[in-house]
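The coiled coil annotation in TrEMBL covers A:64-91. The transmembrane segment annotation in TrEMBL covers A:6-26, A:38-62.
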Amino acid sequence: MTKLLEWVSVLSAMFAVWYSLIGGYVKHPLIEKNINLILISPLIFIALFGLYAVTVVLYRVFTFNNCEEAAKELQNEIAEARKDLLDKGLKF
Amino acid sequence: MAATIYDSEITKSDKYSILLPTYNERENLPIIIWLIMKYLDNSGYDFEVIIIDDGSPDGTLDVAKQLQNIYGSSKILLRPREKKLGLGTAYVHGMKHATGNFIIIMDSDLSHHPKFIPQFIELQQEQDYDLVSGTRYKDGGGVYGWDFKRKLISRGANFITQLLLRPGASDLTGSFRLYKKDVLQKLIDSCVSKGYVFQMEMIIRARQFEFTIGEVPITFVDRVYGESKLGGSEIVQFAKALLYLFATT
Ligand SMILES: Nc1nc2c(ncn2[C@@H]2O[C@H](COP(=O)(O)OP(=O)(O)OP(=O)(O)O)[C@@H](O)[C@H]2O)c(=O)[nH]1
Ligand SMILES: [Mg+2]
């Protein structure tokens, strides 16, 4: 099964549940009391997920390791390499 | 992948072929070769470096020849091509001449540091992984020389890709990896995309074939010499590849 099909099947299962609740196919006092909330629940869900995504991405951007050490080490090694290679007769 | 009965005997004579595609890397090539020698020559691992230069106008091939004279033609192999034919085919070309049973792919612009190669090899041996991928996104890894925008694009693209494709690897567009040779051959044969998204497709196909993947955190220092080519067209390419893989794998 492709990832696309996986998404389609999970999303349609969720849609089916939601639709049966708002369509009155399932009857329960709790459902009737919260019908407005159920109606907009997909929107709430999307908004919450969007918030989660933005938070995670921004957190990872700000904690993205800046390899100052590695950069410095590389600069030193470049200098060392150039010197050694010149000694070995390399013409840059 | 199922291990063959010969595996245990072959490990004694493991050989690592490092593929170095170059295009206008005259400044970088000597340094990267020097670093490879520094970190591998005393390690006891059997290895060779295959330089695939695509007719660089800056004379990279000339420097490569000098390096071959210095380090010997059993360690440094030159497999140049006439003109710029792209990175994907450079790997295919290099692999044809590789005598190792493992292939290491890395950029020659110093953003991939050879000090990580022994770590790749050790991890591969520990778990008999089919491929080991360097990752900038895990603890201990990182980048240098990236501004906020580039980090945001990178992290954002990575988030969406992880969400949609669940690839089982954290760095999809990186190209610092070690492969079993037959695994790489199979992946290359099955990949359809060209350009830099090819790296992403390779790892997605690896998941599809149920190859095992190990990861080593790497520090990625942006190219010191030469120009970078990250632009808008790369983002479009990436989005297209993502959707294609989403719909087909
Ligand atoms: N043989 C060959 N090598 C290439 C070709 N294009 C790029 N390369 C090499 O492949 C490696 C990766 O290319 P880069 O230009 O560094 O691509 P990148 O890492 O995505 O982008 P920047 O480092 O930001 O420029 C480098 O070692 C290049 O020299 C090509 O057409 N032929
Ligand atoms: Mg690069």
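Each Cβ is built from the backbone N, Cα and C atoms, and glycine gets one as well.
With a threshold of 8 Å between CB atoms, the same-chain residues lying at least 6 positions outside the transmembrane segment (A:38-62) that come near it are 18, 21-22, 31. As a whole-number mean, the pLDDT of the coiled coil (A:64-91) in this prediction is 96.
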